[in-house]
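**Student:** Below is a structure I'd like to ask you about.
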């Protein structure tokens, strides 16, 4: 019988299971294919909230602008991305998909996609080894070679560069949708190693203003509430980074009555934080007194071991940026510190003197690991999903020579 919960599922790794969908295909790897029915309902709810993408599907279904496109994707696997994948399929593309985050996959949605014939390799709670194995299963396929990449965070692009550089001869372009991945593309471009055109969807107006600002404004509180059940009024919080994500987090916490400090290295963003009524500080100045530390910079080692050592007892530490290196979590895996798993996605890291910090989602993306992104925001996220689809269509159909081997912004008219 179909079961919704993961707990009824045995602890066998999905890699060790022999699963087939109702059509007899086993070209996928998900937690439990029997959850497909529940995932289908989630996708149908998301479709109602995503008019932009559904309109694109309806309008372009006849002309199939992506006929012949073989898209390999590495994104969060949620109901919204499922709507995107099914739209790409309806527009003529063949897709293979992996998750860009080991905690953010919705197992029932992955099952629904596998059931409807999409090769999906993802489940919630993958190990590091599973993560790269899933990406490899999408790329390294006999008789199938991708000609487009849709990436979130740059891991898929990195893997192809590292393992299968010859594939880039056939690849027409990369669409990247996170700050972290865009940084990596600009680094490749600067070094002269970017061998195909790339489209930066992250800096598109819809992604910056809607996904990053409003989405985070809603989901930061949800993630913190679900993991810690805390009360926000009067709590001292430091938010590292005042980009669009930081702005959303600060606005939400301020509205709940928290005292919010901001650290920021960009003078314009710092001035904005000041004009919005936030105290600008250096992290060292407030690290001993704050109750919550939130990183959203897109940089690495923003919160170092030294900072972690100086935090007060029961300080909550979490990350809203894409990468799990903003907080130096690796430095906490030493013999003198004790790790205690308190509940799903919540760890207590205990120092020899008894002090503990509360680390959420092991320093990975809080709002997708510990909560879901609110349904209301889906309709706005949909504009970004649509812009991903449009970016893929644009790069795939562009005449030769229109785009050089460089990083391009998604044109505003799109």
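Just so it is clear, glycine is given a Cβ too, placed from its N, Cα and C backbone atoms.
Sharing the feature lines straight out of TrEMBL:
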REGION    1-26  region 'Disordered'
BINDING   78, 152, 177, 207, 211  substrate binding site
DOMAIN    212-373  domain 'S-adenosyl-L-homocysteine hydrolase NAD binding'
BINDING   243, 244, 245, 246, 247, 248, 264, 367  NAD(+) binding site
**Student:** To which of the binding-site residues 243, 246, 248 does the lowest count of other Cβ atoms within 10 Å belong?
**Tutor:** 243
**Student:** Need one number for the substrate-binding residues 78, 152, 177, 207, 211: the maximum pairwise CA distance in Å, whole number please.
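**Tutor:** Taking every pair among 78, 152, 177, 207, 211, the longest Cα gap is 17 Å.
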**Student:** How many whole Å apart are the CA atoms of residue 264 (NAD(+) binding site) and residue 207 (substrate binding site)?
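**Tutor:** A Cα-Cα distance of 21 Å.
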**Student:** Just to be sure I understand: of 243, 244, 245, 246, 247, 367, which binding-site residues have a C-alpha no more than 10 angstroms from the C-alpha of residue 211 (substrate binding site)?
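**Tutor:** Within 10 Å Cα-Cα: 244, 245.
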**Student:** Please classify the secondary structure at residue 246 (NAD(+) binding site) using three-state DSSP.
**Tutor:** helix
**Student:** Among 243, 244, 245, 246, 247, 248, 264, 367, the annotated NAD(+) contacts, find the widest CA pair distance and round it to a whole Å.
**Tutor:** 21
**Student:** Quick one: what's DSSP say for residue 78 (substrate binding site), helix, strand or coil?
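**Tutor:** DSSP call for residue 78 (substrate binding site): coil, neither helix nor strand.
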**Student:** Residue 177 (substrate binding site) has how many other Cβ neighbours within 10 Å of its own Cβ?
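**Tutor:** Cβ-Cβ neighbours of residue 177 (substrate binding site) within 10 Å number 28.
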**Student:** Can you tell me the CA-to-CA distance separating residue 243 (NAD(+) binding site) and residue 177 (substrate binding site), as a whole number of Å?
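**Tutor:** That separation, Cα to Cα, works out to 16 Å.
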**Student:** Give the three-state DSSP assignment (helix, strand or coil) for residue 152 (substrate binding site).
**Tutor:** coil
